[in-house]
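Asks: Under the heading Zn(2+) binding site, Swiss-Prot lists Cys25, Cys28, Cys43, Cys46. Positions annotated as compositional bias 'Basic and acidic residues' by Swiss-Prot: 1-16, 59-74. Annotation source Swiss-Prot lists repeat '1' at 137-220. Annotation comment: Swiss-Prot describes 231-312 as repeat '2'. Positions annotated as zinc finger by Swiss-Prot: 21-51.
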Amino acid sequence: MTDARMRSREQERTDETESESTDGCPECGGLVVNDEEHGESVCADCGLVVEEDGIDRGPEWRAFDSKEKDEKSRVGAPTTNTMHDKGLSTNIDWRDKDAYGNSLSSNQRQKMQRLRKWNERFRTRDAKERNLKQALGEIDRMASALGLPDNVRETASVIYRRALEDDLLPGRSIEGVATSCVYAAARQAGVPRSLDEIADVSRVEKAEIARTYRYVVRELGLEVAPADPESYVPRFASDLGLSDEASHRARELLKTAKDKGVHSGKSPVGLAAAAVYAAALLTNEKTTQAKVSEVADISEVTIRNRYHELLEAEDTIPV
């Protein structure tokens, strides 16, 4: 028997089987129902298992409510607070190409340009939406410049939304409130940035940032713990190219200083910078006060003063 005939007969058998499962039970002709829990197709009349070990084509995860289902679903882009419309609106591509990558004609390009314009108008229909769009754009820009992770951007966006809902913006600039939200979110996430670093990437003055930050924290009741000098150490050590040993030694110095009350009333950035400089000397790694000053964005005088205070708390630091 040729291969062609064998394939033909196998195809006929397959078609017959599919026809039987579609038409009904092969024994009694009753209705066949699918038992998804057990992966079986069963006759509702006689109980014959027509098919078993069926393939579950549903998701591999489980959800117990609609909110959890939406969070786990991978259909469509996830919602995010970093966009003024939470990512729910439609975006029209600016590349002027069709689905196959071909360039659009002149008439089609003009049509798409008009559609984009109207789409953008509908996305920001009122002043509140325009305010939110501008602020979230500022938050994203500053977070990128500061190298902050996505969770900080999300938290900063939520804080700004709360400030907008509670009507805290009158009398204050959008940039000022947005900057204070980034500063607060970074501290809450344990990846703080100094006021000087924040001011370097912001469009408002340092004094306004500090003033607005205190106002937002007070009015919204945000829980922001005092900045820990140890949280600055990994970033400073990484930027200076120091080893893990030096980073660990710097944290030990700060813990000793904290136990002896050196932290009180001192800038956490200055203490962290001095500890990193001292740790580099202890581990025989080359660095200078000027390099540490540049990385930490703090004066060499402050580093020297904090260094000598750490020297009093830790007798092993070389002078």
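One-based numbering along the chain as shown.
Using the three backbone atoms N, Cα and C, a Cβ is placed for every residue, glycine included.
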Asks: Per DSSP, how many helix, strand and coil residues does the repeat '1' (137-220) have?
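Replies: DSSP composition of the repeat '1' (137-220): 63 helix, 0 strand, 21 coil.
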Asks: Just to confirm my parser: what is the rounded mean pLDDT across the repeat '1' (137-220)?
Replies: 94
Asks: Sort the residues of the zinc finger (21-51) into helix, strand and coil with DSSP and give the three counts.
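Replies: Secondary-structure breakdown of the zinc finger (21-51): 3 helix, 11 strand, 17 coil.
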Asks: What is the number of residues in the repeat '2' (231-312) that are helix, strand and coil, as DSSP sees it?
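Replies: Reading the DSSP string over the repeat '2' (231-312) gives 62 helix, 0 strand, 20 coil.
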Asks: Counting only residues 6+ away in sequence within the same chain, which have a CB under 8 Å from the CB of Cys25 (Zn(2+) binding site)?
Replies: Leu31, Val32, Cys43, Asp45, Cys46, Leu48, Val50
Asks: Under 8 Å Cβ-Cβ from Cys28 (Zn(2+) binding site), six or more apart in the same chain: what's there?
Replies: Cys43, Asp45, Cys46, Leu48
Asks: To test your reading of the Zn(2+) site: which residues beyond Cys25, Cys28, Cys43, Cys46, same chain only, put their Cβ within 8 Å of the Cβ centroid of those residues?
Replies: Gly24, Pro26, Glu27, Gly29, Gly30, Val32, Ala44, Asp45, Gly47, Leu48
Asks: Within 10 Å of each Cβ, count the other Cβ atoms, then let me know which of the binding-site residues Cys43, Cys46 comes out lowest.
Replies: Cys46
